[in-house]
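Participant: Have a look at this one before I ask anything.
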There are 2 protein chains.
Amino acid sequence: MKSASNFKGTRDYSGTEVRLRDFVISEIRSVFESFGFEPLETPVLELKSTLTGKYGEEAENLLFYLDRPFNKGGLRYDHTVPLARFAASKWNELPKPYKRYSLGPVFRGENPQAGRLRQFVQCDFDTLGSTSPLVDAEIAAITNNVLNNLGLAGKFEIQVNDRCFLDAALNEIGFKDKKEKDKALRAWDKIEKIGTKEATKSLGKEFQKITAEMISGTEVSDLFTSKNSKESLQKITDLLDLINDMGVPDKNIRFNPLLARGLSYYTGPIFETVVKDSEIGSISGGGRYDKLISDLGGPDVPASGSSFGVERLLFVLEKLEIRPKFEYSQRILVTIFGEEFMKDSVKTADYLREKGLIVELYSDYSDNISKQLKYANKKKFDYAVIIGEEEKANGKITAKNLKSSEQQQLAIEDFSKLLK
Amino acid sequence: MKSASNFKGTRDYSGTEVRLRDFVISEIRSVFESFGFEPLETPVLELKSTLTGKYGEEAENLLFYLDRPFNKGGLRYDHTVPLARFAASKWNELPKPYKRYSLGPVFRGENPQAGRLRQFVQCDFDTLGSTSPLVDAEIAAITNNVLNNLGLAGKFEIQVNDRCFLDAALNEIGFKDKKEKDKALRAWDKIEKIGTKEATKSLGKEFQKITAEMISGTEVSDLFTSKNSKESLQKITDLLDLINDMGVPDKNIRFNPLLARGLSYYTGPIFETVVKDSEIGSISGGGRYDKLISDLGGPDVPASGSSFGVERLLFVLEKLEIRPKFEYSQRILVTIFGEEFMKDSVKTADYLREKGLIVELYSDYSDNISKQLKYANKKKFDYAVIIGEEEKANGKITAKNLKSSEQQQLAIEDFSKLLK
């Protein structure tokens, strides 16, 4: 090994970091399951022909390809392309609509920045084959439940908009062709990052004026009055009602007429979740994308879904000092007083483990007890168990509480009862 | 997408397949945790300089490397190389001995065969920094607990041997240099696959004679009587005693003097687990490898550990028709009788989900109830809930048991109580 470095833009997680990541992922999984979504696990490796030519050049530049002799392959960039491939091969067999979730790492050859790695975990849920607004409303309901379960209640806002409204509004402003519209959408998208002036500078006075009014809080129904605008605003109102009926309170959700979402593939409602004081853009986002699955080579079906970024969620939890409570068993180190007591310690460890406890047996019996206790403290064990002459003679063990430093001699059965 | 094919040697898992995989992995994790092992999650991508020159040419030919501009990187081949890299960078901070486990996919550019994929999940546990036989004995204890928990009790055998015994025995037979010995070990390793005659053919009459006696069951202590042989046989006896003390019954473990394990890096006790009638070589294997971590560029510390192959375990479970019991919540489809009943169904679904149930809301209210029920059956739901004119008037719901086809009208609160 020439160096002990990680591949650029990747990192290791150990101990409690992993347990916290697993906890977050398992909470997300459990909400997805509770809405009837089925798991789908696709491989990390995909054919290059599946991966390319989908999202345009920008995404293609971020793909990792394999070297010869495996140069037909590359690493998945997201969970949507694999979903399209899977749906293409299995559509006839799948229940329709097909509601699936995918959890796992995706890979992007970006230059790493704070909080942006080249390998990161995305948790996606999507419904293929339904145009129902219920499917769109579920995006908000699922997001709401996940964030509440993770301890973020009261701290997040799910922003909603609709590409149909944006399209109607841009038509009213006077933008007609797709290129112009995309430019305007990108401008709105960038306001939070670079400010209104910079974002809108090359898009004309009228656009700047209306943008300013939207930001200042003027009712959009006063600004946009065309038939299409009115209809799409009504659609948003109905969607918000549905979301309410799904148990999401008003304070957790907001219509943001300036929300555009960079990706041009959305065709209907769009969502983005922002956590207050988190110093991070968004922790989840998605919407309706009725053309994308067929563009990606899948069946020609409508689709709607969203995605959580696990690293972003963990960043926010740390930032807000929210420590989700995940259950810990009591952790016990069984020490070994010396070689002649080894058998007693081995059997004690086995007994306690059978009672469902987490029990490490200290391995090197030639180490003195003080070294063994130091190790127990370093690994943050709750108890150390000691069996020496006296304990052996009494048929008992000594249990030392490592938090309080109190210790007591008692029968092993009583100790295991104490901890349950 | 030119084709909807997977990258050669990879496959998708969906629905219950994923749930079963997750269940197996979580049982393994839970046993590792119960012995005090800490999780370590390393990235899929590693530097080429970390990956190469370790296990010899054979392994290097199976590595996946990235193409330019990322050609410094490749995909991990196992969890041991990343462990060595991690230990090299963090050794001073880690508790010693360092007991860690790693669960996740590894990648090998092999030609796929039945049951051998290019991406598969390995679950490793290893102890770095201890020469204690307790650490070796734990390999058997952990293996025993994992397999019992997965429902394989009574169906597996953990085979044990020791490289020190093999070395002493080969010395007695007359093999002196490492090359000769490796050839002899590989021969013993291959007996089960290709038969004794074929495996031992170029290794001389004496070797063939002794091999035949070992296979016929002659006591190895009668065959090998040098001081080294006797000492190493005593070491194996002591290890088997320790393993017994750790709660592993005699019938689950057997000294197999012909077990060699192909990899030349083992230096002490070795283990391999075989499941009867499974038509598969082994589902876990490992042992002591005191030189490997430093050979891999990590700290110069003794090490011992083992690994489970998830796909192999699943293959065996299926073969033996063992279906691990993982808890299912009752799964409910809330149907929608028509657009005017949508709100009632939405609220009912939300209510039941809040009670902790798995509740899918049918999305397309224009579909008739019979189509909705068909969907519920296809997705193997337990109940369908129907709310129409009559139910709405009565303030009740109709719950249809999809297994028995019985249905009853009752209050939603009573229905949710019924299912808890």
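These residue numbers are counts, starting from 1, taken along the chain as shown.
Just so you know, glycine gets a Cβ as well, placed from its N, Cα and C.
Note: TrEMBL annotation is automatic and uncurated.
Pulled these from TrEMBL:
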DOMAIN    B:1-317  domain 'Aminoacyl-transfer RNA synthetases class-II family profile'
BINDING   B:ASP78, B:HIS79, B:THR80, B:ARG108, B:GLN122, B:ASP126, B:ARG261, B:TYR265, B:TYR266  L-histidine binding site
Participant: Where does B:THR80 (L-histidine binding site) sit by DSSP, helix, strand or coil?
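Facilitator: Reduced to three states, the DSSP call for B:THR80 (L-histidine binding site) is helix.
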Participant: Looking at the binding-site residues B:ASP78, B:THR80, which sits with the largest number of other Cβ atoms within 10 Å of its Cβ?
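Facilitator: Counting every other Cβ within 10 Å of each candidate, the maximum falls on B:THR80.
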Participant: Return the count of C-beta atoms lying within 10 angstroms of the C-beta of B:GLN122 (L-histidine binding site), excluding that atom itself.
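Facilitator: That number is 20.
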Participant: Let's check the environment of B:TYR266 (L-histidine binding site): how many other CB atoms sit within 10 Å of its CB?
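Facilitator: Around B:TYR266 (L-histidine binding site), other Cβ atoms within 10 Å: 25.
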Participant: Restricting to the record's L-histidine-binding residues (B:ASP78, B:HIS79, B:THR80, B:ARG108, B:GLN122, B:ASP126, B:ARG261, B:TYR265, B:TYR266), give me the longest CA-CA distance in Å as a whole number.
Facilitator: 21
Participant: Just to confirm: which same-chain residues, 6+ apart in sequence, have a Cβ under 8 Å from the Cβ of B:ARG261 (L-histidine binding site)?
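Facilitator: For B:ARG261 (L-histidine binding site), the qualifying residues are B:ASP189, B:ILE270, B:GLU272, B:GLY285, B:GLY287.
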